[in-house]
Amino acid sequence: QFFVFCHGLLQLSQLLVSGYLKSSISTIERRYGLSSQTSGLLASFNEVGNTLLIVFISYFGSRVHRPRFIGCGAVLVSLAGFLMSLPHFITGPYEYDQSVASMFSNTTDLCQPGVPRSWGNLSNAGCTPHAARENHEVLLVMFIAQVLLGIGGVPIQPFGISYIDDFASERNSPLYLGILFSVTVIGPGVAFMLGSAMLRFYVDIDKVTGDEVQLTNKDPRWVGAWWLGFLVAASLVALSAVPYFFFPREMPKEVSLFLSDFPLVLLRNLRHPVYLLVVLAQVNLSAMVAGLATFMGKFLERQFSLTASLANMIIGAVNIPGAMVGIVVGGAILKRFQMSLRQCSAMCVLGMFLCLLLAFPLLFLGCPTQKVAGITYSESSEFGHHTLECNLQCNCPEKAYNPICGSNAIEYISPCSAGCSIVNINADNSVLNYTNCSCISENGLAGFAKPGTCGTGCSHLFLPFVVLSCLAGILASTSHTPSFMLILRSIQPEDKSFAVGIQFMLLRVLAWMPGPVLYGSAIDTTCIFWEKKCDRKAACRYYDNNLFRQR
């Protein structure tokens, strides 16, 4: 029982490390200027280390000291977690464009006609070879950490489960495994809640004092303390690893497969039509789940103008528990009605069909991108020119990004592009508003603007969206248990563990690895304004929200 407890704790903290990345993905994109394709690849990269080893590990399971192997894997996972947070400590503080001269730069992004610009941190200061190298180092460290995370995770689940199954009594074994399974389902929810908590803190909480931070967490330039969660999760893993080095080896006899049978059993299973069809159905569903889990938070942030913290809260407290309820309900129905294989497949079909019906309206529950001058909105006919006539005398830098919302309800990418020449400041050094803006005319007078984005004005659709997506998720996940039953009952008993191994292998290679990358690429195609770093595309500033939602 102590082993079961330790293993539950370890699986939870391992999932915290891998799940936490998904909750902070939009923040890491913003901090290091990544496209969603790159961040999707990063998110799925832990599957690479995992896939390479999983077959061998499951095969040699009966010949090694399993608890010690699990312990070593956990140490690797913990190391990977600490590595993930390393970029924060090897790069300088986060720089953003601002209107008030500060410790970063004495330049501002106001409209100052006739002042020759020596744009400090707004132009190519960030383009030294050093800065470019720093960015490559960050990516390299994170990709290495993800591979280590995948490798370290390999022994944890298969060895833990077989160890428990070997030593628990026949009667208790299903209970213990059920406990572990529920932990693996809760894990991602806890990870998103951790993300929600950590991203409320400013990223450089350890490098700058509070009064020097001029951003609130509602500001589109806000970057939360993404690295803190990795430190928390990695420490937890390190703690849970300790007991494993003290559990006994004790090995009962096990019937083991030999590598020479490998191709034969593989072909026998892949030729089985039920097995193949169910696995392909699971692949399609899992690819969707992998993509959604990675980018759902980012979608909610953009579509409904939420903070990263609130978006994670919704996913961790509503969507993931919904999926858990669906899995439990599916299993309960299965048990209650003692279903045949045909009834199992009918139940899967019904669940997915109802899910589709409920998910269909989600295509329309959203709002277009807000009006942004020179990007989604132009008073004159020529469209897409970032220069407006009214700010020509300002010599605005192309790079400046410090969105403000004009009193005419149009967003401008910086005070300079709105032609604002005066900034008014609160007592605590934060910006109150911008005045004297030549591009914002109201009744012939120069208008004013507030800091921050105008938002999509979509809050009225937020609740229906969350309710429908949660219900659709519950319905889809009712098919989880019956689809497993279809696989377990349709193949020869002696191939069972092997068939499940191949099933997970196919899910990894065909769903969990490509899923986030495909989703990220699709999201990138809907970007209408890219941040530029050293003449390369960095993170996306504005998406076409309708396309983002539909794709």
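Cβ coordinates come from backbone N, Cα and C, glycine included.
Here is what TrEMBL records for this protein:
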{"type": "DOMAIN", "residues": "384-438", "note": "domain 'Kazal-like'"}
{"type": "TRANSMEM", "residues": "41-62", "note": "transmembrane segment"}
{"type": "TRANSMEM", "residues": "69-90", "note": "transmembrane segment"}
{"type": "TRANSMEM", "residues": "138-163", "note": "transmembrane segment"}
{"type": "TRANSMEM", "residues": "175-203", "note": "transmembrane segment"}
{"type": "TRANSMEM", "residues": "223-247", "note": "transmembrane segment"}
{"type": "TRANSMEM", "residues": "274-293", "note": "transmembrane segment"}
{"type": "TRANSMEM", "residues": "313-334", "note": "transmembrane segment"}
{"type": "TRANSMEM", "residues": "346-366", "note": "transmembrane segment"}
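Spatially, the transmembrane segment (223-247) is adjacent to the transmembrane segment (69-90); three or more Cβ-Cβ distances between them are under 8 Å for residues at least 6 apart in sequence.
The residues of the domain 'Kazal-like' (384-438), classed with DSSP into helix (H, G, I), strand (E, B) and coil, number 6 helix, 19 strand, 30 coil.
Long-range contacts of the transmembrane segment (346-366) within its own chain (CB-CB distance under 8 A, at least 6 residues past either end) are made by residues 281, 285, 303-304, 330, 333-334, 339, 456, 458, 461, 464-465, 468-469, 471-473, 475-479, 482-483, 486, 545-546, 549-550. Within the chain, the transmembrane segment (138-163) has long-range Cβ neighbours (under 8 A, six or more residues past its boundaries) at 3, 7, 10-11, 14, 17-18, 21, 32, 34, 38, 42, 45-54, 57-58, 61-62, 66-67, 69-70, 72-81, 83-84, 86-87, 90-91, 177, 180, 184. In this model, the domain 'Kazal-like' (384-438) carries an average pLDDT of 81.
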